[in-house]
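Lifted from TrEMBL, the feature list:
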DOMAIN    264-506  domain 'ABC transmembrane type-1'
TRANSMEM  267-285  transmembrane segment
TRANSMEM  334-354  transmembrane segment
TRANSMEM  366-386  transmembrane segment
TRANSMEM  443-466  transmembrane segment
TRANSMEM  486-504  transmembrane segment
DOMAIN    541-778  domain 'ABC transporter'
Amino acid sequence: MYRLRKYFKKYWALFLIAIVMILGQAASELALPDYMSNIVSNGIQAGGFKDAVSDVLTTDTYNHILLFANKKERAVIKKSYRYTKQEKLDQDIKKTFPKAKDIYVLKDDSDHDALNKAMLKSMLIVSSIENMDKNSESYKKLMGQLTSSVSSFKQQYEQAYTSYQASQNSLPEATRQESEAKLKAMNAQLQLMEEKVKEGDVFYFIQNMPEENRQKMFDNIDKQMKTMGNSTMNIAGGNAVKSEYKRLGANTDHIQNAYILKAGLKMLAIALLGAVASIAAAFFASKTGAAIARDLRLDFFKKVESFSTHEMNQFSTASLITRSTNDITQIQQVVVMFIRLVCFAPVLGLGAFVRAMQQSKSMTGVIGLVLIVILGVLGVTFSIALPKFKIIQSLIDKLNLSMRENLSGVLVIRAFGNEKEAERRFDISNTDLTKVNLFVNRVMISLMPIMTFIMNAVTLAIVYVGAKQIDLGHIQIGQMMAFLQYGMMIIMGFLMIAMIAIMLPRASISAKRIADVLETENSIVEPAHPEAFPQDQRGLVTFDHVSFAYPGSEENVLSDISFTAKPGQTTAFIGSTGSGKSTLINLVPRFYDATSGHVYVDGVDVRNANIHELRNKLGIVPQKANLFSGNVRTTLQYGAANASDEDLERALEISQSKEFVDKLPGGLDHEIAAGGTNVSGGQRQRLAIARALAKNPEILIFDDSFSALDFKTDAKLRKELNEMCQKEHNTVLLVGQRIASIMHADQIIVLDEGRMVGKGTHDELMKTCDVYQQIAYSQLSKEELENE
């Protein structure tokens, strides 16, 4: 992948936008479990009240809370509430709390968290006392203690009264009056105590307890509350506020529903934003992947087009097709998956882990154990599957090669009756690929049931541990549910990373295969400072002591070839098979570069000329006529886009194609299939000749291009061609196997095993060149040669 980094850098802006969208998606998904937790814990369990902070307090509740608060807590509470008389209450408070009279109202600038911490314990004590079931054993026990206290005080009063009665006549007046006052006060207190016992006013007795007894009572309450846990206390605090609201006439059901509805709407809005972010992330990720794939295919195609035959031989056609399709598609898919998963999974996994820690640190051990198991499973899976991915790509190449060979050679296979052998060879390639794919797929598919089992096991573990934590009061039910969701997110994050880890090796191999092609150095390169062709010369071709050997070969295919092909003349090449005829003419358009010597076109060494300008001077008809899909007109205009219909008609006439083209449905607009498969071999060859003629090039190169023509058509074509060349002063380089096709050339070059063994006209060579004579007599009789 690193070798293709320049293709990724171009689209950093799209990549960045996709990342921002992914972060938004992750943030929304991480927020949803918290809202769900609040709905369950605060909305359902606590009735829509999240803690012990109440917006309003009755005077009694306010005083009772202060009774149980310490000095520091009392200061915070007094600072946060404002005493307000009934006539000064605003309409919203009166509407919400119709029974409110003189109350304490929460100030807008109060510190909510600090206030909750200060009054949570006191609020719970007050609420538990106020809402105590009068039929419960604990209430009866408490009231028994209070009655006992009243009885004890009454006994003290009676003893004091009896003592006073016995000694009142002997007491001085001042002492007697003082004793009467004390007895009167004790009697009033006793009556008040008896009245408070009847009312069940526990707070009065607590307030009037001795300081030592009251502190001992508070210490016991503190010990009991420490066993509750913060979560349980917050829920209890919310229920305490709910009770206070009911006393003030508030519709607590409406408040609860409003809380749940508000939280639900927030969840819906966040989910909607997450969906929009997800769609946007997918769009930009797909756009980035498609753009990179497009650029890769374009550069890949341009690179392959610039290859000489030597580079083409380094990579098979089947391999190049696989690389330009399958491999680039692999890279495109991984780019999309990388943006969507590699960037999303860590954010989701780490974010979920942090949120889970916030929910309950005591339960993170479950997640840690699960992660160790998942990493172990993934490690074993990848160590088995990854080495096979490289094998798959090479087997795909092998399968494509087998398929291409069988399809391109189907007629030969049928002619020799070798269908079974072709099927056997294809079946071997197909079976090898199938076996490796099956092995890899079985390994990777096994991940899903394993991960499903792990996820279910995690769910059970979280519920089990969470239930214990709830029982201890350390977490709420909603928190356990949120923790469960965060646990699943962490596992999903690792699964996403596992998915991309599966694809990355294949994409890495594909990227290497693409880079190998893109970084291949061309043996035919454009000169840094190309030499311009002179205007006073047209079509002069000169070979000056040219030798050529294929790359990697120690023997020359051509040795010391020298000749000059002049405008208006035909230079023909003949020789036995493998003598180097086609190789020689391939040096003119620089399909190869000469190993030594020089090839000149119009006095310019072809290695110093601009390749595009050089090939613009040439019209080439290869051995195998290859036509592209389109109609006859576009086929002929392939090298001459601006050619008129008159020019095309003239090219058809010279190539002897006009007669059959006129008979085609639509004439020039008749559709030609890819490769010219809907016309005969001779028609295909004539159209290829017409395509070269329509360009009206300075130099025409025919590489045994008349082989599919009958003698009559061949003779007519050569006659028309000679007339055109003499008129237009075109240079013709003609490779032929048949003496009849080349014997009227102005100059004939005879090649034998890469050496030029003869040069001259037909008559001259018949007298001086043994090789030419052997070829001539092998094809025509002496009488036929003399008549020619």
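Cβ from N, Cα, C; glycine included.
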Beyond the flanks of the transmembrane segment (366-386) by at least 6 residues, Cβ under 8 Å: 353, 356, 440, 443-444, 446-447, 450-451, 454, 457-458, 461-462, 465, 487, 490-491, 494, 498, 501-502, 505
Long-range Cβ neighbours of the transmembrane segment (443-466) (under 8 Å; 6 or more residues past either end): 360, 362-363, 366-367, 370, 373-374, 377-378, 381, 384-385, 475, 480, 483-484, 487-488, 491, 495, 498, 502
For the domain 'ABC transporter' (541-778), the mean pLDDT of the predicted model: 88
